[in-house]
């Protein structure tokens with residue numbers, strides 16, 4: 001009896017020790033991201049990682065400030081609660097500037113597979129470069145995104161609608177190539193008595209909703225957020241061209257459902273999926289769900305395109321819209337860098353990225369340029385084309401403050417508590433004050449042109465370049 | 001001599017022994033964070049960039065905040081919000097609590113149902129109401145339009161957004177007042193009501209001259225708790241309005257959280273938190289003193 005008890009105890013102990021050694025052999029790589037389709041895709045793909053001793057664990061938070069704050073708080077305590085994270089391109093400056101992120105150049109130098117040329121140079125720069133133009137990268141374009149346009153093909157292709165539009169506006173009805181055209185088309189389809197509105201867009205105060213949307217107008221009309229050489233904001237953010245752009249954005253709410261001025265992406269999707277909108281400005285990220293008949297009852301008649309551009313006051317055509325998506329960065333305080341690099345070498349192989357790109361937008365050049373991927377659905381080719389029109393805002397460590405100020409003031413313009421000119425003027429003053437407090441020198445030259453794009457990386461073209469035809 | 005001292009010193013030791021764990025815990029959990037907060041408020045630094053060090057700022061964080069019109073707007077908004085929601089909660093809570101103290105069929109079930117909103121997380125309540133208040137497809141505007149009124153952009157305009165937030169907070173926290181008011185009302189001896197009835201007192205007289213005065217200390221505690229809680233309201237606004245439109249629904253606590261964890265201006269956030277702490281402590285002290293006087297009278 002005593003022998004049996006001893007044997008049983010030994011076996012139990014051996015079992016525990018065995019389990020403990022298996023547990024010890026397992027490495028968990030934790031990542032922070034906002035919850036959603038793309039995070040689920042990463043987790044799904046990671047399950048097939050050949051090294052079964054490595055487990056990828058998601059730590060997901062809702063999209064918005066909590067997501068940024070979760071990453072930032074961990075960096076503040078130099079903690080290793082996560083090993084890698086996806087953050088907005090603009091946050092790279094804040095996190096890398098604080099010295100919390102592993103420099104990708106070191107990984108590129110050591111890895112036999114992970115190299116800068118796996119990714120389009122512009123994408124690598126947008127999602128990982130800090131400071132701009134330095135050639136130092138702190139993130140990989142893991143999940144690219146861009147603003148896009150979705151529209152109701154049944155309305156645009158209806159002979160009756162076409163005839164009515166031509167009778168009213170003297171031109172053919174088509175998916176708009178400029179915001180000037182979009183305004184007319186939106187006005188045409190706005191029929192509140194029938195529950196139909198011409199245009200849906202984000203305008204909410206939360207996180208970056210109003211700013212990403214309004215910037216797309218501002219840049220297309222030739223405006224700029226600031227002059228990166230002199231750090232001047234006044235004169236640029238509130239330049240006549242910037243005001244034109246933001247005014248055009250604010251005016252578009254007239255063609256949206258009442259109250260759409262505080263919408264986020266959920267409301268834009270919900271309204272479009274209920275058939276309330278003829279057109280909507282939305283991230284490509286959501287095209288997968290909006291093309292799914294189980295989610296969108298109008299999926300069969302939903303078309304996907306690229307956002308319009310605008311003919312600015314200088315007569316030039318520009319098409320510029322906000323970059324979305326996130327780069328993948330590595331926590332400097334992670335103690336599992338070798339395992340993580342091995343995982344990334346596997347994850348960024350075309351095989352895995354093709355799976356990812358079936359539901360989200362990869363940053364891997366081999367997949368982006370592949371005809372198979374571009375022909376997979378009605379919008380992938382559009383996305384590949386859209387990349388050239390992306391623009392981004394401040395890559396400065398003060399990004400959260402600058403963003404919040406612009407969010408607040410654009411929101412004031414949307415609600416009508418300030419005119420666009422007042423709102424942008426106030427935003428410029430407050431943002432300059434922020435930069436000055438942070439130690440930046442602002443050279444007040446006061447010679448900002450009416451259309452600042454003409455002096456800061458000009459993109460103006462003489463004629464409209466159609467992309468949605 | 002020795003025999004007289006021994007019990008006294010043993011008693012002191014016992015007192016010290018019993019008190020010290022609590023005192024140490026309080027020092028660690030309350031005093032240390034407050035001292036740190038005050039200390040940080042005199043520096044310019046970011047917790048996100050600790051390697052950059054802390055620059056002595058003196059009173060400049062306070063000067064900056066107190067000269068910023070944006071912060072004053074947030075104080076004004078917080079004051080309006082606190083006044084609106086606490087007033088509504090007290091009136092409704094006392095009224096419903098008064099009705100619920102009487103026995104009727106289904107009272108317990110109704111009482112339990114009324115408590116449900118209080119059990120929700122403010123963030124969940126915020127998101128829930130955000131959809132209910134959606135101007136186009138929200139149930140609130142559906143009901144409004146049933147009565148022939150025009151739909152209201154509840155969360156897109158500053159005025160309606162304040163009212164919407166106050167109503168949501170009232171929906172959540174009136175049950176708390178009901179709970180305390182009912183308990184207070186039930187604690188009043190029945191004989192007093194019987195005597196009033198014999199004397200021919202009207203229902204209004206009984207309510208204002210007997211029920212309310214006799215339950216005043218408990219109601220006053222409820223008022224203090226709701227005032228303090230409403231003053232530091234943050235999570236409801238994050239979910240319901242995001243602080244917008246503009247910054248029209250940003251409370252002071254919202255600004256503290258944003259400055260601390262979004263901007264990572266740790267020194268400035270600490271200074272704002274100290275200002276908020278002083279206001280709440282001042283308010284609480286006035287009310288607690290009033291409560292003590294009330295207790296002495298009773």
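Glycine residues also receive a Cβ, built from the backbone N, Cα and C atoms like all the rest.
Record note: among B:52-74, B:75-97, B:75-97 is the stretch given as transmembrane segment by TrEMBL. By the count of Cβ pairs under 8 Å, the stretch nearest in packing to the transmembrane segment (B:109-131) among B:12-35, B:75-97, B:161-185, B:205-225, B:269-288 is B:161-185. The recorded stretches the transmembrane segment (B:75-97) and the transmembrane segment (B:161-185) share 3+ CB pairs below 8 A when only pairs 6 or more apart in sequence are counted, and are therefore in contact. Cβ atoms under 8 Å from those of the transmembrane segment (B:161-185) belong to residues 77, 80-81, 84-85, 88-90, 92-94, 96-98, 100-101, 111, 114-118, 120, 122, 125-126, 129, 133, 154-155, 211, 214-215, 217-219, 221-222, 225-226, 229-230, 233, 236-237, 240-241, 244-245, 248-249 of the same chain, restricted to positions at least 6 beyond its ends.
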